[in-house]
Every structure is written in structure tokens, then in C-alpha cells.
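Novice: Structure in C-alpha cells, see below.
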Amino acid sequence: MTPILEMRGITKSFPGVNALENVNLSVRRGEIHALVGENGAGKSTLMKVLSGVYPHGSYTGGIHFEGEERRFRGISDSEKLGIIIIHQELALVPQLSIAENIFLGNEQSRFGIIDWSLVETRTRDLLRKVGLSDPPSTLVTDIGVGKQQLVEIAKALSKQVKLLILDEPTASLNESDSAALLDLLLEFKEHGISSILISHKLNEISRVADSITILRDGCTVETLDCHGGAVTEDRIIRGMVGRALADRYPKRQPRIGDVLFEVRNWSAYHQLHADRQMIRNVNLNVRRGEVVGIAGLMGAGRTEFAMSVFGRSYGKRITGQAFMEGREIDVGTIRRAIDNGLAYVTEDRKHYGLVLGDDITHNISLANLGGVSRAMVIDDMAELAIAGDYRRRLNIRCSSVSQQTVNLSGGNQQKVVLSKWLFSKPKVLILDEPTRGIDVGAKYEIYGIINQLADEGKGVIMISSEMPELLGVCDRIYVMNEGRFVAEMPAAEASQERIMRAIMRNGALATSDMDGEKSA
Amino acid sequence: MSTQTVLAPSGGDAGSLKLFIKKHLREYGMLLSLIAIMIFFQIMTNGTLLKPLNLTNLVLQNSYIIIMALGMLLVIVAGHIDLSVGSVVGFIGALAAVMMVQFKIHYIPTTLICLLVGGAIGAAQGYWVAFFKIPSFIVTLAGMLVFKGLSLALLAGQSVGPFPVEFQKLSSGFIPDVFGGASIHVTSLLLCVVVPAILIALNVRNRLNRQKHGVEQEPLVFFALKNLVLASVVGYLGFLMSSYKGLPNVLIIMFTLIALYAFVTMRTTIGRRIYAIGGNEKAAKLSGIATERVTFYTFINMGVLAALAGLIFAARLNTATPKAGVSFELDVIAACFIGGASASGGVGRVTGAVIGAFIMGVMNNGMSIMGVGIDWQQVIKGLVLLAAVFLDVYYKNKA
């Protein structure tokens, strides 16, 4: 089949670095082409070249789309030809309706006056294609991330898309939404729409991709054809990191001690809807040197539970008790929770974890300014020394500890957040999706840090949506669904099937339970 | 320092020097533009700008703006704004006048009460901003109207004055000369030598300390040049003022406050917390910082400084008028933004705000001497503000 897109010998450099060097990418008509590589390998840069964010002339090499050489001067040029990119951070206006968002910048109007009935029918049409049944007038802020992603795709369809580029579309979706999205891509394929899928989730790639291009350090490593024979995940990883990772999860000999931290009968209600119970009677304990996982689907209440325990930073009408080393502790404010030995590493490091405009040093000391100051005066030399120390220990790759955190890659940003919480000298760390959006190599390093913490006798509570990760890292796993813990199992006896079964069985149970409440 | 230190690696080669200039262009650029503007007006006014009398006036005219800019910088860094400061200046001036002139209260308790009232005003506004998350723009816009109205009410539409002589000294007084120099103010002169010397000594100590810890810092050439320029400018301007009546009291108050706030913002935990809140409030909160309380404090602080500015301004005019303080907030806010503060919070320096205020002040003064009408002065000042912020954004995007 002829390629719809050929990028040949693309080289793009920024002052001081070659972001892309002689990269080739060829996408056949009607295929799903996966683009993989570690963070910083050049995937996003390549897509920006393709979509015209970096205009013709700012790079060398050629782009051929549908057989002709193209010179895009901006995004509008590439969109006109049907090349649509959907970014990881969705570009929707939350306070506008689905319909308004879909036709934003492309309003269905005559002489500047919008034809609302046309908008309505066209939107319904598009939404049907992506499998959404919400009314077009629904505000985007009122629908979940999964549906928002579908709205973005509907928007792409409205522009007669020929080549759809998705940048980590499933990063913030739960498993069923992810599956639905991938099915949609397969359906588009039947209709002759080609897609480029950027993803860190290798299982998804092996499921849908027809071919896989691997980038490493700004160069094309290889393009694998998935039809010629099975491409294993290990094969992809080897291409990405340039070596075979013997094991994706570093081994640890658990030395588990007494119960360190315990939560009893924890309940909490929704932040805004005070009658909606989010957390129902949760009991949890973690022992010294133990890594405890909390599995569950998106929306199960894991983050809400963790944040409500950590200084009541989420929820209303919180009840329950928390114990540290057998003594009941006060976790009523974040400060007190920290002082009592808790740390919470957020799932959203950009919005809740880092002061992006500030440097590494200041971010690391933020949760424990008392540790670098005397009588409120900061000892900046001590602060720098501490930052340097964590930089070495956690292998934070940066030009200096005075570098702004906004310029770090995802994995290194996560290490800065971890450093901050390690410096607050916690006894128990709650890690919420600690490896979200970071590449395989950095993930391995983070697992190593988690193991080290456990070896030092700390307790670790890890929330993750990636079940293999929980199975690989944890000693014991709680399964959460609809705000309650529905199962608990040693990792040795756990499997993805067992976890899913626990969720499904209790999901049905919980729903009938809720119905009962409504009728009562 | 010996020649050996000059050759030390921290001095760097030409390449790193260039890189350094590029990286810190903004910081030095502002100081250089201030000096350039001063030279420009010195020439255009045939040397009137730096005449001792005019220089003293320049300080007196801008002291209250600078003092408020210190508080405003913290408010802006925390991600807020305070539009009410001009009205607070007028209100506090009116309050002081009523207390001292109509009720004959001694000037010391009056001053204390006025500062407390300023703090209370800041607290009243900060309360809504910090704990109820009402946008500061709206809260302080309301405050602006409220306190403008209250000062009118207090003064019953009249001007009230004059103030007791001791109180006037706050603004028009000069520090006493313990040496009794005849043609020149010896104490002032001494201060102008001692203070820069102390500053340089502190800078050198700091630099050596950093060097010991192997911290990357500015090239030695820059360090030396910066300190030399700083010392000679301060020394020279001080000398000029000493040859008139000496250093004004206000100047001493102002410099003490500048030093204090520079220290607070750069080296204390409260300063760090304010920057963190402005940079990312959610992250700061999840790091255990009581974001509401810190925000509340920045507004109290602003209120106290606005009250101090109100007292100084009233003392300078020697009467409280209903029109006092009108549109001061604009000059104060402009000073912060010219000085490199970011409207979205988290970024800004005390030295920047002070230089920004001086740039505005020198332009006001210079253009007045040149006989530029108040109409065109406003146009030019507006354009300078826009240009400064444009350069800021431009270099940020380029970097």
C-alpha cells in the first residue's frame, strides 16, 4: 500500500541540542502507526514538525503527504489537509458546550451568524460516530476526561481528518475508556483513516498497532511491522532503551516489621455534593518495610481517600481514626499530617506537585523549610547542599540544581517531587500514580527508589492504575471500588484477573447497594 | 582581592561571560536603564536633575511610592493585587489630621494608631481574599471606593492642617549632624561611606561563602563592577545630598525598609512561602504551607506600609486633603511591573520594584523640570510601562 505520509531525513535543532537527527517516518494509508520512545526521545518534536507548529524552514528534511511535498507554515496549513493532532493536555474550553467546542474556530455560520440547528444536527452526527450519547449542549466541564477525549476526536472528524495523531490519549483514562478509545481507532481504520498513536502503554500498542516506529535520542531506531510476526513488549523496550531490561521491576527481599500506620473506619463525603459519600468505612494498614498497593478503576476513590487522610485536603465530613506506631495521630491539617510522618506524592505533579517556575532546590525544600532554616532565616548553602545530595541519590538529570523544574523531563520532575517528600522525613509515603507519563527507564529508577524506602523501614502506600506495576512492586494489594475496599490479597497470590474479578463482583454489588439507598 | 582570585574559574572565559550576560540581561538591564534615564535627564535639564536640592526632592517625592511598592511586590508575588492603597494613603492622612489637628492628640500615639488602622484595613481586605477566595481585584476595588469615601467623610470635604512641627519632620526633616559640619553634613557623609562599605563587605562574604561551597555564580568582573557602581553611585548621590541639608529622615526609613524586605523575600521562610504560593498555590498548600494565612499576612503588611506612606505624604504636604493619594496605586503597581514582577504571581524582586519606582520617579521629575506637560507625561509613562513588560515577555520567550 502507498504511504499517506513520508517524513524523510528530518533534522531539527534547538540552541545547543539536536532534538531530531535524520528521522524517517513512513505511515501507510489506513494503518495505526505507533510511535514510541522514552521521554525526550523526540516524539513530540517530530509531531510538531509534522503539524506545522515548527514551520517549514526551521527544520531540514522533507514531508510528503498524499504523494506531494508539503511545506506547512502553521497548524492551519496541516489541518486543511486533514492532519489533526490531539494533544495530551486537551484543548477544550470547559465552560462551553460540546457542540461549541467541536466547531470552535470553524463555526457553522452565515455572515457571522451561527446556524444553531445545523450545529446541533452535525454534532449529534459526529458524537454518534465516536459513540457518545450526551446531548450536544452539555458543558465540557460536566463530562469526564474519557468523554472529553472523545469530543476532541469528534472535533477532528468534523475537520475531515485523514491522519489523526494522538499524543498519549489514554494516559488519564481508565481501562474501559481506554479500550473504547482503541476500538474507535480500529473502527476508523476500517474507514480508511490513518492514525499515529504515541503511547507509553505497550500493551495497548501491541493490541492495535500495525507498525511501530521507535525513536531514541532524536534518531529513528527502527520500524517494526506487526504483521510479519508477533512483536513482544520486551522487543519494543529493547529498542527504546537500547538494552534489554532484564526485569521491569527490580527485586527486593521484603523485611516486613510491625504495623506502622493504620487507618480505621475512614469515611468522607464529596467536596461539593455533601450528601455523596465518596469513601466508605475504609480500613488500611501498612507495616514497616512494606509496600502496599491500592488497585482500582478510575473514580474508585483512591486519590480521594489518600487526600482525605493527608490533612483533609479532599472531602467534607471526614470521619475515622489514623494511627502511627500504635498512637492515634491528628491529620486534621496538611502541616500536622506532615509533622506526624505522612507524605503524599500527588498524581498530578505539574498542578499539585511542583512550583514549575521555581528551581529544583527551592522545590525540594518546600515541604520542610524548617529543615534548612534557623529562626525563619534560610541557610541557602545548606539548602543547596541538600538539593545536591538528592540530585545524586535519586539521579536527577539536570544542568544544575538551580534549573527551573519546568524544563525537566517527566521522570526527573517526579524525582524532584519525591526528593521533596523524602526531605520532609516521613515514616509513611503515599505515592499516587508515581510513574504516570514517564518512560520505561525512569520508571525502573522510581521502582528502585520505592524498594530502597521500604528497605529503610518506611511504609509505602502506592496507588496505581497499572496493575502489572502493582503486582511487580507491592507486597500486598488492596482493591478499591466505589469508595470501599473490596478485597485484600498478598501480591504473591494476586493477578490481574483476581483484581478485576474483585472489582466487577463488588461493582455489581455496590450498584445494587446504591439503588437500595435511593429507594430508601 | 588578589589577582589570583581574578583568574579563579568562577571568573569564567569569554563564552561563559556572554552566556551569563544573556541569562541575566533583565536584572542588569533594568539598573542600566535607570542610569541611562538619569544621564539623559541630567543632560536634558542642564544638570538640574542631580542638583543637591532636586535630588533631595526626588527622594521626598518618591519615598511613599517606594515604601508601598515593597508591600505591593509581596502582594503581586503572592498572585494578587491591591488597588486600594491610594485611597488608604488619603484615609490615613485624614485620620492623622483629625487626630492631631482637631483632637490635639500627640503625634507619637497618633502615628502608632494610624499604623494599626492600616494593618486593620489590610486585614479586613485580606480576609475576604484569603479565606473566601474573592478575587483581590474586586475586594480592593471595593476598598478603594470605601476608603476614598471615608476620607471625604472624615475631612468633611475640607483640607485639614497644619500638623505639629515634630510630625512634619517625618517628611521634611533631616538627620541631625552630630559633628556639626559647617558647609557639609558630616554625619550624612559618613553614612554614605559606611553603608556602601557594609554592603560590599556583605556581598564579598556571601560570594566567598558560595565559592567555598562550589556554587555557580556571576563572573568576578561582573561582581566587582556591580559593587563598584553601586558603591560609587550611592556614595556620590549621598555626597550631593550631604552638601545640601544632609540625608532626609525619610531616606533612612526607606533604605531600612528596602534592606529589610530584600532580606525577607530572599532569605526567610515566610518570603519563600509567598513565592511558592504565587508560583503554584495548590502545590504550596499540599506541601503543608498555610496558604490562606500567608496571603492574609501579605495584605496586612500592605495595609501597614500604605498607612506609613499616608503619614509621610500628609507630613510632606503639611495638610490632609480629600484628594491625597489619588491614583497612587497606579504608580505603585507600575513600579512593580516595570521592575519585572509577573502579573500571574511567583516572580518579582524587591530591588526590581525599587528600581522600577525610581525609573518612574526620575521620569516624573525630569519631565517636570523640562516643562513637559502633565498630559504628555502620562502618555510617556504609560508607554514606558508597556515597553518594560514587553521586553520582559520578549526575553522570556526567547530564553
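Cβ atoms are placed via backbone N, Cα and C, with glycine included.
Relevant sequence annotations retrieved from TrEMBL are reproduced here:
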TRANSMEM  B:28-46  transmembrane segment
TRANSMEM  B:58-76  transmembrane segment
TRANSMEM  B:83-101  transmembrane segment
TRANSMEM  B:107-130  transmembrane segment
TRANSMEM  B:137-158  transmembrane segment
TRANSMEM  B:178-200  transmembrane segment
TRANSMEM  B:220-240  transmembrane segment
TRANSMEM  B:246-264  transmembrane segment
TRANSMEM  B:294-314  transmembrane segment
TRANSMEM  B:326-343  transmembrane segment
TRANSMEM  B:350-370  transmembrane segment
TRANSMEM  B:376-395  transmembrane segment
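What's the neighbourhood like for these features in this structure?
Specialist: Nonlocal intrachain contacts for the transmembrane segment (B:58-76), taken as residues 6+ away from its ends with a CB within less than 8 angstroms of a stretch CB, comprise 49, 82, 85, 89, 136, 171-172, 241, 248, 250-251, 253-254, 257-258, 261, 265, 274, 278, 298-299, 301-302, 304-306, 308-310, 312-313, 316, 328, 331-333, 335-337, 339, 341-343, 345, 348-350, 352-354, 356-358, 360-362, 364-365.
If one looks beyond the transmembrane segment (B:107-130) by at least 6 residues along the same chain, the residues whose Cβ comes under 8 Å of a Cβ in the stretch are 80, 82, 84, 88, 91-92, 95-96, 99-100, 136, 139-140, 143, 147, 163-164, 166-167, 170, 292-293, 295-308, 310-311.
Non-local neighbours of the transmembrane segment (B:246-264) in the same chain are 56, 59-60, 63, 66-67, 70, 73-74, 169-175, 177, 185, 187-188, 191-192, 195, 238, 270-271, 305, 308, 312, 350-351, 354; each lies 6+ residues outside the stretch with a CB under 8 Å from one of its CB atoms.
Nonlocal intrachain contacts for the transmembrane segment (B:294-314), taken as residues 6+ away from its ends with a CB within less than 8 angstroms of a stretch CB, comprise 63-65, 67-68, 70-72, 74-75, 78, 80, 82, 84-85, 88-93, 96-97, 111, 114-115, 117-123, 125-127, 129-131, 136, 163, 170-171, 250, 253, 257, 270, 273-274, 277, 320, 324-325, 328.
Within the chain, the transmembrane segment (B:376-395) has long-range Cβ neighbours (under 8 A, six or more residues past its boundaries) at 25-26, 29, 334, 337-338, 340, 356, 359-360, 363-364, 367-368.
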Novice: Can you tell me which of B:28-46, B:83-101, B:137-158, B:178-200, B:350-370 gets the most C-beta pairs within less than 8 Å of the transmembrane segment (B:326-343)?
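Specialist: So the stretch in question is B:350-370.
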Novice: Select the range from B:28-46, B:83-101, B:178-200 that forms the most Cβ-Cβ pairs under 8 Å with the transmembrane segment (B:350-370).
Specialist: B:28-46
